[in-house]
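Participant: For reference, the structure I am asking about is given below.
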Amino acid sequence: MKHPVLLSLAAASVAASNVQVQHRQAASQSSPASRSSAAVSLTFTLASTNPTAVPLSSITATMATVPTIPLPSTPQAGASPTAVSGAPGLPDTSTINPANYPPLDKTPPVNSPEVQAWKKEVADSGIPIPDIPPTLPGGCPANLAAAQDTSRCWWTCGGCVRSTDISDCPDKKTWGLTFDDGPGFYTPNLLEYLDSAQLRATFFTVGSRCISNPKGLQLEYLNGHQVAGHTWSHPALTTLTNDEIIAELGWTRKVMKDVLGVTPNVMRPPYGDADDRVRAIARALGMYLVMWTRLSPSATFDTDDFNVHSGMTTSAQVLNNWNSILGNASTMDHGFIVLQHDLFQETVDIATGYILPDAMKQGLQIKPVVSCLNKPMSDAYTETNDNKTNPPPVSATTVATLTAGAPGSAQATGATSKNGAIPNVAFVPSTVLVGSAMAMLFAVSSL
């Protein structure tokens, strides 16, 4: 019989492959200039690099895999994070039984007692859910009418935001540091670097990964990082029914409470795929959306680091993207939030070897999102927020309210899927991924 931990690690490997294919589909529809895997050189000089950085030329889709490191420390049941005032002690993760949760990396069934209870919670919240039909898989080109309908405020096709969305920081030269899709195999490497540099970040965690790696999630939280939701299985939320969205968010919220003892009150929709229906359901479940800064369809604060692993872009292009982000940030009178990932070795190596050292040398104030909004870490969780209504924090110059604001810079043109947006083609079913994931499965099972 396989050891439960090995099975969880194997599931994480398959999940990484699944998400990789989804992102690769997004990349395939994007501008060749931004996604080409052809040789690209740096167009600028970094202010600083990590002396122990992996050479940039070695950070490729075919790079030799280096051993992961163990967690810097092992969280103990009952421990409390000093950064979160009033937090309860950590739960005992040995009591968490994966059989009590939905299958990993699949949208959960909607007929469970838990989902029925969450549906009632949404209905009783008093927050009206807009009657917006689900979009079709395939992004903007497959949904031309929806893309042109600015009333739904669909971020994917135009970058529309509401006043309740958090997409930047109020203070200039402040960076809300975020990492998506973990905890991954190389998250311990990232945590070790962040600790040595005395930096803290916001980790948007996939619910299924909380089952695969509960100790990793606990250590992020215990070490003063902000942890938040990123759905159960990483779907494009606007393609789901109301009940499916409730299941995705509800199970993620539950497993994070089971692992941490607290419930995050913000989440990031995968691919940034959100409209007013997604926003309303999230709010009814006690969560606001955190996006990433987007000035226009071509000026999105996404390093595109995820696509190095698939060979759709290069590490040099990621750094050129980073340089463009800094250039755009210099024109703003407020701070910013960037999309990065901790799922792969390449993304962690680029962040710790190059982007973060460069940012620190340039004097950026690097903080978790809740801190960049000038809020205490305790405001990031329902149980420790001293205002029972958990109002959304200040984002740039506006205090978010539940009143629908005017659409943001919505472009009704069916934008491409570049810069982390929803794929413009249908997702590949997870069963198709089995063959490509078998090598990882065998590698894990031989540990």
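Placement of Cβ uses the backbone N, Cα and C atoms for every residue, glycine included.
Reproduced below are the annotations present in TrEMBL:
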- 74-83: compositional bias 'Polar residues' (COMPBIAS)
- 173-367: domain 'NodB homology' (DOMAIN)
- 72-112: region 'Disordered' (REGION)
- 1-16: signal peptide (SIGNAL)
Participant: What residues elsewhere in the chain lie close to the compositional bias 'Polar residues' (74-83), defined as a C-beta under 8 angstroms and at least 6 residues from its ends?
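Facilitator: Same-chain contacts beyond the ends: 89-93, 200, 215, 218-219, 221-224, 377.
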Participant: Which residues, given as numbers and ranges, are at least 6 beyond the ends of the region 'Disordered' (72-112) yet have a Cβ under 8 Å from it?
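Facilitator: Contacts with the region 'Disordered' (72-112): 4, 8, 11, 14-15, 18, 188, 191-192, 195, 200, 206, 208, 211-212, 214-215, 218-219, 221-224, 232-235, 240-241, 243-244, 246-248, 251, 255, 258-262, 376-378, 380-381, 383-384, 430.
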Participant: By DSSP assignment, list the helix, strand and coil residue numbers for the compositional bias 'Polar residues' (74-83), in that order.
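Facilitator: Per DSSP, the residues of the compositional bias 'Polar residues' (74-83) fall into 0 helix, 0 strand, 10 coil.
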